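Novice: Mind having a look at this structure? Questions to follow.
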Number of protein chains: 2
Amino acid sequence: MKGNKLSRRSGARSVDVVVIGAGFAGLTAARALEAQGLKVQVIEARDRVGGRSRPGKLFGRTIDTGGQWVGVGHERLTRLVHEAGAELVPQYSVGKKLVQINNKTRYYSGLIPPVSVRALIEMQFALWRLTALQRKIDPKVPWQSTLANLDTQTVADWQRRWLRSDGAQALFDIGVRAIFCAKPGQLSMLHFLTYLRANGSFNYLASAEGGAQAATVKGGMHQLSVHLAKKLQQKILFGAPVQKITQSSKGVVVTHSRGNIQAKRVVLAVAPALARKIEGDAMTTARRRLGERMPMGSVIKCLIAYKRPFWREQGFTGEFVSNTAGFSPMFDASPADGSCGILVGFFDGPTAVRWSSDADGRRREVIRSVVAAFGAEGENPVDYVDHDWITDPFSEGCYVGLPAPGALTELGASLRAPHGRVHYAGTETASEWIGYIEGAIESGERAAIEVCAAL
Amino acid sequence: MKGNKLSRRSGARSVDVVVIGAGFAGLTAARALEAQGLKVQVIEARDRVGGRSRPGKLFGRTIDTGGQWVGVGHERLTRLVHEAGAELVPQYSVGKKLVQINNKTRYYSGLIPPVSVRALIEMQFALWRLTALQRKIDPKVPWQSTLANLDTQTVADWQRRWLRSDGAQALFDIGVRAIFCAKPGQLSMLHFLTYLRANGSFNYLASAEGGAQAATVKGGMHQLSVHLAKKLQQKILFGAPVQKITQSSKGVVVTHSRGNIQAKRVVLAVAPALARKIEGDAMTTARRRLGERMPMGSVIKCLIAYKRPFWREQGFTGEFVSNTAGFSPMFDASPADGSCGILVGFFDGPTAVRWSSDADGRRREVIRSVVAAFGAEGENPVDYVDHDWITDPFSEGCYVGLPAPGALTELGASLRAPHGRVHYAGTETASEWIGYIEGAIESGERAAIEVCAAL
């Protein structure tokens, strides 16, 4: 839903609740509030709904240049898929997967990656250890756990201690970068464990079958935000970045680029790193500071199309991970009927930053990586599209905000606590499925309940 | 120098060099460039010069609500003091100093703080160890050092390993918070060592006599920025935050809130965390990302006045440090003639964030701390003033930007490297005396040389 038609409306002057942000969190909150009979206005900086999900076109097909996968157990999102009349397509995973470590490529089927026995044993022990640690954390209040001191350690530190072999180090690195779009050395160990706990486990997060990348939505994730927006009967104001929020005992005034609006309550449904830029008293100093110490991950999502999914003919799933190729991880994103071949993949963490200023270069690097993985046929794509989430001004990165070491214990308590008339939503504020669309929806539901209880 | 008179001027339309930021770095660069016969325009977001130095009034005296001290070896700043006809006053340090650890207050004279012998030995070994480590780092390129991997460790990690006793832990904590306005758990060990190396040593940074707090400027630090600005013959445009920088092969256009200006080169003399907000191509994605991962420290500076420096009469220097009192460290800032008593001190790190939204509360906390340190006479101040640097929109904190773990090795190379026609200054880009006014001046000189070489 482009906002061209809608954005000419100037929006209401006074409502019960202003919802800032028309991603999954904001739309969910708005819909729940409206269902309670409240007058709602959604204000969105972009000219579209969907936030960190984003539609695109490739070789005539609608594809996702943002959030794409539905994980096992993502119940709210699955319900929404059904409600919207959409269809889940299992992630294609028939055949061999490719792992490239230090430029040496190997393939495997099933669950056991082709690394040394020592690496496998180390990795398995490390995963057991992580599972034992994450059990001690309540993802609602990780700063209260007995492990809170791990907030002053990085994941790299832990990795150095428990993973010694090259193979295990590399597998762990690849996994962390794919999950967080960041290197282990910048992540707080407490936040890492919180994230694993909120999302099942490291294995769940890294997996297609049975994991976070289990299925995609036929026709694209974006139709679900459009579906949510339709239910709101055009109460969304587009192209209006919020500049200031001012609270008083009587109410709250939201000033945006095209005017201002009075409300009883506000739901601020944007990532903390973005929210901090709003002036006035939308948040405490602690919440603002948290935004400053919780930058978004770095990622460029790329999709490349071929006439046929030629890797399938060679017995490959299309899955390729590497600790050296720029473009990794990579997955099959072809239409279910196999009528053309599409590969989707990411530049994540430092490689995303490196290729951010070079659109031509990264296209070549994508092709180079496909050739390295699946052979010379990769040289002849029929279409290509990408989206650099780092330079997207209303995202500043993806998939999710990453509290730097020390930030959670010092400032985490301000993440979800309402401040006066302002309530916070967005996947960063979720207490389960943090970082996923499922978490965004959960946070929107929770914020709506908070607001209803307060009104 | 308030900008009221100057800010009515609209500034030039085209110059050789635009300098963004009228702190010590920008003013130094501008002056050096003008001395080379170049046409310069300085653009400043605030209505005053001085950046993170800032004048104030207390009990009829001019005081510093920002940068205040001149350290031993700060040669450029000392030269500027003499050039401006100002006078250095040694930090008052006659008598006993107070150390409060876990609410137990003790006093001492000389250099040896009153903690257990075990704590003293641990502390001494730790300082030797730090000295040995910092020697291996070139503060120009810490990411190239053999210790670069320490970027993925926090200072808290190192502290846990080498300091076991409560006393040593507490002293180290107090020192780190006073130096960085942040807790050890959020600091990269590589950045910590770089900072120590660039500024002599941990002891130098924590010390008045012979150290970074050796002297103040009679009449206030601010007169030095005013002196620099006078030399620029009103070529400063005030109240004009820069919004966008656009480069081409022909030149660069700087768009600010009151117009735009064409130049051959730009010197961007603001902290990376602030610079990142400028749109356009002022920097690479890596430099922008570095700004996002280099938040400013958290500090509120407070000054409180009494009729007499009554602590001197009790034999105290006025120096008080504590790991529990909100208001610590505290120093004597009375006029040289002792005509009234002034104490200066800080809420730093988490305590600054906590008291940021409560101006009345922190005033009471300052008085409570003075009473705890120097007795009941502290209850009757005659004047009080503070400045919250966290919520200051054109600083976002003080004293200095702090690269989070992982940021220096991943992105540090972009800190000082010119990008096209844009050159970077500011104390964060200094290669000696990083974080100090001395470093700001050094960076301004270096940027001016870069620009002259390029033109």
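Numbering starts at 1 and runs along the chain as it is shown here.
Cβ atoms are placed via backbone N, Cα and C, with glycine included.
Curation does not apply to TrEMBL; its annotations are automatic.
This is the feature table in TrEMBL:
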- A:E44, A:A45, A:V242, A:E428: FAD binding site (BINDING)
- A:F346: substrate binding site (BINDING)
- A:24-451: domain 'Amine oxidase' (DOMAIN)
Novice: Of A:A45, A:V242, the binding-site residues given in the record, which has the fewest other CB atoms within 10 A of its CB?
Specialist: A:A45
Novice: Give me the CA-CA distance between A:E428 (FAD binding site) and A:F346 (substrate binding site), in Å, as a whole number.
Specialist: 21
Novice: Looking only at C-alpha atoms, tell me how far A:V242 (FAD binding site) is from the residue listed as 'substrate binding site', rounded to the nearest Å.
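Specialist: The residue listed as 'substrate binding site' has its Cα 30 Å from the Cα of A:V242 (FAD binding site).
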Novice: What Cα-Cα separation, expressed in whole Å, is found between A:A45 (FAD binding site) and A:F346 (substrate binding site)?
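Specialist: A Cα-Cα distance of 25 Å.
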Novice: Near the residue listed as 'substrate binding site', how many other Cβ atoms are within 10 Å of its Cβ?
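Specialist: Result for the residue listed as 'substrate binding site': 25 other Cβ atoms within 10 Å.
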Novice: In whole Å, note down how far the CA of A:F346 (substrate binding site) lies from the CA of A:E44 (FAD binding site).
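Specialist: On Cα coordinates alone, these residues lie 27 Å apart.
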Novice: Just checking, which of A:E44, A:E428 (binding-site residues) has the fewest C-beta atoms within 10 Å of its C-beta?
Specialist: A:E428
Novice: Taking A:E44, A:A45, A:V242, A:E428 as the record's FAD-binding set, what's the max Cα pairwise distance in Å, rounded to a whole number?
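Specialist: Binding-site diameter by Cα atoms for FAD: 19 Å.
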Novice: Through the lens of DSSP with three states only, how would you label A:E428 (FAD binding site)?
Specialist: helix
Novice: Hey, does DSSP put A:A45 (FAD binding site) in a helix, a strand, or just coil?
Specialist: coil
Novice: Quick one: average pLDDT across the domain 'Amine oxidase' (A:24-451), no decimals.
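Specialist: That region's mean pLDDT is 96.
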